[in-house]
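Taken verbatim from TrEMBL:
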type	residues	note
COMPBIAS	59-81	compositional bias 'Polar residues'
COMPBIAS	88-99	compositional bias 'Pro residues'
COMPBIAS	118-128	compositional bias 'Acidic residues'
COMPBIAS	141-150	compositional bias 'Acidic residues'
COMPBIAS	542-555	compositional bias 'Basic and acidic residues'
REGION	1-20	region 'Disordered'
REGION	40-150	region 'Disordered'
REGION	533-564	region 'Disordered'
REGION	615-636	region 'Disordered'
REPEAT	165-206	repeat 'WD'
REPEAT	266-308	repeat 'WD'
REPEAT	361-402	repeat 'WD'
Amino acid sequence: MTIIMKMKCSGRGSRSLCKERRMEEEGDIYDGVRAQFPLSFGKQSKPQTPLEAIHNATRRSNSNPKTANDLPSVSSSSRDWLNSLRPPKTPTPPPPLPPPDHDDGPMVGPPPPPPTAADEEEDDDDAEMIGPPPPPPIASESEDDSDQDEVGTRFRIPLSNEIVLKGHTKVVSALAVDHTGSRVLSGSYDYMVRMYDFQGMNARLESFRQLEPFEGHQVRNLSWSPTADRFLCVTGSAQAKIYDRDGLTLGEFVKGDMYIRDLKNTKGHISGLTCGEWHPKTKETILTSSEDGSLRIWDVNDFKSQKQVIKPKLARPGRVPVTTCAWDHDGKCIAGGIGDGSIQIWNIKPGWGSRPDVHIEKSHEDDISGLKFSSDGRILLSRSFDGSLKVWDLRKTKEPLKVFEDLPNHYAQTNIAFSPDERLFLTGTSVERESMTGGLLCFFDRVNLELVSKVGISPTCSVVQCSWHPKLNQIFATTGDKSQGGTHILYDPTVSERGALVCVARAPRKKSIDDFEAKPVIHNPHALPLFRDQPSRKRQREKVLKDPLKSHKPELPMTGPGFGGRVGTSQGSLLTQYLLKKGGMIKETWMEEDPREAILKYADAAAKDPKFIAPAYAETQPEPVFAKSDSEDEEK
């Protein structure tokens, strides 16, 4: 058969056709043999879920952003919230039936009446309309989608898909993504810091490590170093901590003396920290701000000393907390938000001090929660508790360029972020008690200074921190309330790179039948007398000393009524002594004797028979001369 096939193939000259036939025959033989064995025999091919189905599972219900006049788009978890906000659609009436055609058949019944003038006016389009005008047609979903696509294609905001990094039990107040986009840090009011790794994380989205920097102190800020090998952790305590990339503690800065009044003479902060950032260019320099009213620049290589202490300019002497701080893009400028509502900026130059180069008084009516410089250093954005976001031109600081109102803020860590091309800037909003609006992420156009879109992140949780990573092209937003917290990651599979795309496509490992997990058996040999350690001699001595019989502890002296708390009525330790004293058989005469006479009555016996020192000095000892008693002198 094979010889005939070779002759046919050589005759035809088409080796590809012969190869296909051979493969078909081999496939038929394999299927025939495979049918004789059970399905679980041999190598099993793992079913792979296509990427399209994976991304469809994380797709948002209304992915594209709406314009400023439209309702905010929300995630798939809040469809009911969105449907409750939308007005009900008016059902379209069915089209009218066409009039019957009478030309083909004979007309039945009387002829129709001739058309009147009123009918002709109704048919005329230029006739005057009687009554109120009809309501405007409701925009269809296709028109809404076209508006959304226009905003999405104009600014390329990645909003089509969303995942959530969970694990915190309270609001997530701090966020940091390293420059490569592989690791994410999140800090919360539950005192914990969680570390996520996109390369080692699967679809379960679990953190690989969690830390508690200071027990009982909220995490207020996190910042990566320029080389992404260390990160700074700022909590409500007075000491900032430095960790390496794997979460191991490298050191903590020293705390100052709270009894020194001048803050420049203290070695560190004396009150809780409010903010802190790593220098954008230098990997040894760190900036921190505190409630004690100072900003400090630290050297990472020396945790016990500081490089510079900055005291803000105040209208009255005192201590006003510094609520936030920020570096500019090149690290040549420092901005601080002061508790009196002012913004102060210092330029780092030789011989610079605490006097600010730019002082914007009463920039906000309440505490400032976030500051952000543009890359060119001309624009400064400020976010405050008064529910506003202000855009400042650093060349003209008398008045802001633009003020955006109605942005509620209830958290001291609410920040502002720029898009990678800095055409947009974004911030989060907090949930108010009586409002039906949830936590939003608001996007603003930097050129036109207008609101571009609002994206609903959570219907019940506030949005605190936000970031738009330039390499991943993904948006991070932290949310939470008193009972839960998470980090939302918005991305678009067609525009974003790595990051969330890597971990979403990696399915978790399924448990196999052959997996065996041994239940641990706890052995406690010390519970048996044979394996117990012998108690130390020191403990044995201490135990003996506590026992009054074994230690032969002397009895307490009998002083006062009661004789040490034993017997108070008998005035003695034995009943026989009490009875003898009461009967007069034992007489106590020491109360009536003269102590001098009681001693001298033994003088003659001591002189005749000395026992101790007196015999050695018997020959040389002079005769003692005693003074006469006072009683004899008084008689004379």
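Cβ from N, Cα, C; glycine included.
Model, not experiment: these values are computed from the prediction.
Helix, strand and coil residue tallies for the repeat 'WD' (361-402), in that order: 0 helix, 19 strand, 23 coil [DSSP]. Outside the repeat 'WD' (361-402) by six or more residues, the chain places 323-330, 333, 335-343, 345, 408-418, 422, 425, 427, 444, 446, 449 with a CB less than 8 A from a CB of the stretch. Across the repeat 'WD' (361-402), the model assigns an average pLDDT of 93. For the repeat 'WD' (165-206), the residues of the chain that approach it from at least six positions outside its boundaries are 212-224, 226, 228, 231, 233-235, 245, 247, 411, 413, 461-462, 464-467, 469, 471-472, 474, 476, 478-489, 498-500, 502-504, 506-509, judged by C-beta separation under 8 angstroms.
Counting residues per DSSP class in helix, strand and coil order gives 0 helix, 21 strand, 21 coil for the repeat 'WD' (165-206).
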